[in-house]
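According to Swiss-Prot, the protein has these features:
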BINDING   Arg85, Leu120, Glu176  substrate binding site
Amino acid sequence: MQKTISHAFPLGDVTWSNQGRLSIPNAHLESWLLNTGSLTQRLQTRCNDFKVQLVSQRQELATPAEYIQLGVSKMSQQKENWQVREVILHGDNQPWVFARSIIPQALCEADFLELGDKPLGHLIFNDDRFKRQPFQLMCLQPDEAFLHEYGLPPLTEIWGRRSVFCYQQYAMMVAELFLPKAPAYRDSNFDR
């Protein structure tokens, strides 16, 4: 049975830093945060049962910080429509990654119309026209409710990454938060 997540991404105010500005605690976690390949495909190799849980997909405004990262001017923010898609990637019925994607409405109507609970990564990484920009990273200490939900001790750090993908004249952003049971936090000796 899949665990339901009651927290919204990104769990409060988050400061994103350009790659190289944060000290990542170990090489194993760094390999997950900075891997430019398909996260979906990598997660699928670490479990027997992989699922995408669609939390929501709706037309809404992105945050001001997301618009800045997407390179969208204030004038364009009012004119363009965006879809915000939030999913949880589960491995063997454990929530591993919470992902938030900001996708131009026009792209949803063309290429992503029937995405539903399918992984976005299957589209992005099977089309050479998608070009990934450099990562930004974040590290936070979640609130007490989050720690309690996962049975975690205080001072537990949660890591995430985000990057912009350029596709033709469009830019879309994917942010991924590695949840506590994600393989990114496991010692590499325990990886499949």
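Cβ atoms are placed via backbone N, Cα and C, with glycine included.
Here the features listed in Swiss-Prot are painted onto the structure.
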| residue | record | DSSP class |
| --- | --- | --- |
| Arg85 | substrate binding site | strand |
| Leu120 | substrate binding site | helix |
| Glu176 | substrate binding site | strand |
Cβ atoms near Leu120 (substrate binding site) (within 10 Å, other residues, all chains): 21
Residue among binding-site residues Arg85, Glu176 with least C-beta crowding, 10 angstrom cut-off: Arg85
Maximum Cα-Cα separation (Å), residues Arg85, Leu120, Glu176 listed as binding substrate: 12
Shell of the substrate site beyond Arg85, Leu120, Glu176, same chain only (C-beta within 8 angstroms of their C-beta centre): Glu86, Val87, Ala99, Arg100, Ser101, Gly121, Val174, Ala175
